[in-house]
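Peer 1: Grabbed the feature section from Swiss-Prot, which reads as follows:
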BINDING   Asp41, Asp43  Mg(2+) 2 binding site
BINDING   Asp41, Asp43  Mg(2+) 1 binding site
MOTIF     29-43  motif 'GSX(10)DXD motif'
Amino acid sequence: MNEEKAIKEFVNALKSKYRGRIKKIILFGSYARGDYTEESDIDILIVGDVDFDYVIDLCTKLLLKYGVVINAIVESEELFNKKINWSFHRNVLEEGRVLY
């Protein structure tokens, strides 16, 4: 399954480049719930000190390689903690799957 390969490569690339600077990587949305379709994108929240431009380049590379769209959100740990009680963040934490 290309989606699983893309997710694994995405997480491994981030862990390799930003070792010690990533606090969480969470898969959320339809792939986390298991109700995805072939039209679904892969939603991932990255918490930590990560360069958003690098993430966009990585998403583009994986789109070209696997034909899979990864929709990544990057937040600092401080911002994530400020928003932790917002409904979006509660949903991500409740239904999401922690990848790292």
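A Cβ is built for glycine as well, from the same backbone N, Cα and C atoms used for every other residue.
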Peer 1: Between Asp41, Asp43, which of the binding-site residues has the fewest other CB atoms within 10 angstroms in the structure shown?
Peer 2: Asp41
Peer 1: Do any residues, 6 or more residues outside the motif 'GSX(10)DXD motif' (29-43), come within under 8 Å Cβ-to-Cβ of it, and if so which ones?
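Peer 2: Those are 3, 6-7, 68-71, 73, 95-97, in sequence order.
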Peer 1: Give me the mean pLDDT over the motif 'GSX(10)DXD motif' (29-43), rounded to a whole number.
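Peer 2: Averaged over the motif 'GSX(10)DXD motif' (29-43), per-residue pLDDT gives 95.
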Peer 1: How do the residues of the motif 'GSX(10)DXD motif' (29-43) split into helix, strand and coil according to DSSP?
Peer 2: 4 helix, 2 strand, 9 coil
